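K.L.:
To start, I am sharing the structure in question, which I have written as structure tokens.
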Amino acid sequence: SFNYKTFFKLAAKSNDDVKKAFFVIDQDKSGFIEEDELKLFLQNFSAGARALTAGETKTFLAAGDSDGDGMIGVDEFQALVKA
């Protein structure tokens, strides 16, 4: 199963890298990562990667959505990655 904490530990984590990753995942350029974008998270980094399961997506969203609006903003994403 997918573990976002392990993924981020393996990835470079400078502030610039984190922001670049955020904007890659934010496919519709809304300034937020929504649930449908989060589901396809791994595919942004590897073309043949699987989609996250509904449970993995919900867990990831809950971990990153500190204000409870159902989306992950750039500041929330940075806090999640740096955790």
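Keep in mind that glycine also has a Cβ here, set from the backbone N, Cα and C atoms.
The annotation domain 'EF-hand 1' is assigned in Swiss-Prot to 13-48 on the grounds of sequence analysis. Here Swiss-Prot flags ASP26, ASP28, SER30, PHE32, GLU34, GLU37 as Ca(2+) 1 binding site, drawing on similarity to another entry. For 52-83, the entry in Swiss-Prot reads domain 'EF-hand 2'. According to Swiss-Prot, the feature Ca(2+) 2 binding site maps to ASP65, ASP67, ASP69, MET71, GLU76.
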K.L.:
Which binding-site residues are spatial neighbours of GLU34 (Ca(2+) 1 binding site) here, meaning Cα within 10 Å, out of ASP67, MET71, GLU76?
P.N.:
MET71
K.L.:
When the Cα-Cα distance from ASP69 (Ca(2+) 2 binding site) is computed for each of the binding-site residues ASP26, ASP28, SER30, PHE32, GLU37, which gives the smallest value?
P.N.:
PHE32
K.L.:
Cβ within 8 Å of the Ca(2+) 1 site centroid (ASP26, ASP28, SER30, PHE32, GLU34, GLU37 excluded): which residues?
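P.N.:
Same chain, not in ASP26, ASP28, SER30, PHE32, GLU34, GLU37, Cβ within 8 Å: ILE25, GLN27, LYS29, GLY31, ILE33, MET71.
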K.L.:
Starting from the Cβ centroid of ASP65, ASP67, ASP69, MET71, GLU76, the recorded Ca(2+) 2 site, name every other residue in that chain with its Cβ within 8 Å, sequence order please.
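P.N.:
These residues sit around the Ca(2+) 2 site: PHE32, GLY64, SER66, GLY68, GLY70, ILE72, GLY73.
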K.L.:
Within 10 Å of its Cβ, which one of these binding-site residues (ASP28, SER30, GLU34) has the largest number of other Cβ atoms?
P.N.:
GLU34
K.L.:
Residues sitting near the domain 'EF-hand 2' (52-83): Cβ under 8 Å, six or more positions beyond its termini, same chain?
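P.N.:
Sequence-remote neighbours of the domain 'EF-hand 2' (52-83) are 1-2, 4-5, 8, 11, 13, 15, 18-19, 21-22, 25, 31-35, 38-42.
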K.L.:
Would you mind splitting the domain 'EF-hand 2' (52-83) into helix, strand and coil residue counts from DSSP?
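P.N.:
Counts, helix then strand then coil: 20 helix, 2 strand, 10 coil.
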K.L.:
Can you tell me the CA-to-CA distance separating GLU76 (Ca(2+) 2 binding site) and PHE32 (Ca(2+) 1 binding site), as a whole number of Å?
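P.N.:
A Cα-Cα distance of 10 Å.
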K.L.:
Given SER30 (Ca(2+) 1 binding site) and ASP67 (Ca(2+) 2 binding site), what distance in Å do their CA atoms have, once rounded to a whole number?
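P.N.:
About 17 Å separates the two Cα atoms.
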K.L.:
Here's one to test understanding: among the binding-site residues ASP65, ASP67, MET71, whose C-alpha is closest in space to the C-alpha of GLU37 (Ca(2+) 1 binding site)?
P.N.:
MET71
